[in-house]
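Colleague: Got a structure for you, questions after.
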Amino acid sequence: LTCCNQQSSQPKTTTDCADNSCYKKTWKDHRGTRIERGCGCPQVKPGIKLECCKTNECNN
């Protein structure tokens, strides 16, 4: 599975994942909205929005 792994609004980069899912975490801090992308479907703390999906580059 190919997942996107760029941070926030950086140009898209991808990585090959052994997991069968990709994730996208979104939260806000003093710098504004932050986005983290990667492989798998991690646990997140309250207040962080998590989207997981199972197709190539679905977490862009």
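Glycine is treated like the rest: Cβ placed from N, Cα and C.
Below are the features I grabbed from Swiss-Prot:
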| type | residues | note |
| --- | --- | --- |
| DISULFID | Cys3-Cys22 | disulfide bond |
| DISULFID | Cys17-Cys39 | disulfide bond |
| DISULFID | Cys41-Cys52 | disulfide bond |
| DISULFID | Cys53-Cys58 | disulfide bond |
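Just tell me what is around each of these and how deep it sits.
Modeller: The Cβ neighbour count for Cys3 (disulfide bond), using a 10 Å radius over every protein chain in view, is 24.
Secondary structure from DSSP puts Cys17 (disulfide bond) in coil.
Look at Cys52 (disulfide bond): DSSP puts it in a strand. Of all Cβ atoms in the protein chains displayed, 15 besides its own lie within 10 Å of the Cβ of Cys52 (disulfide bond).
Counted within 10 Å of its Cβ, the other Cβ atoms near Cys53 (disulfide bond) come to 16, all protein chains included.
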Colleague: Near Cys58 (disulfide bond), which disulfide-bonded residues out of Cys3, Cys17, Cys22, Cys39, Cys41 have their CA within 10 Å?
Modeller: Cys3, Cys22
Colleague: Cα of Cys22 (disulfide bond) to Cα of Cys39 (disulfide bond): how many Å, rounded?
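Modeller: Distance (Cα to Cα, whole Å): 5 Å.
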Colleague: Round to a whole number and give the Cα-to-Cα distance in Å for the pair Cys39 (disulfide bond) and Cys3 (disulfide bond).
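Modeller: Cys3 (disulfide bond) has its Cα 6 Å from the Cα of Cys39 (disulfide bond).
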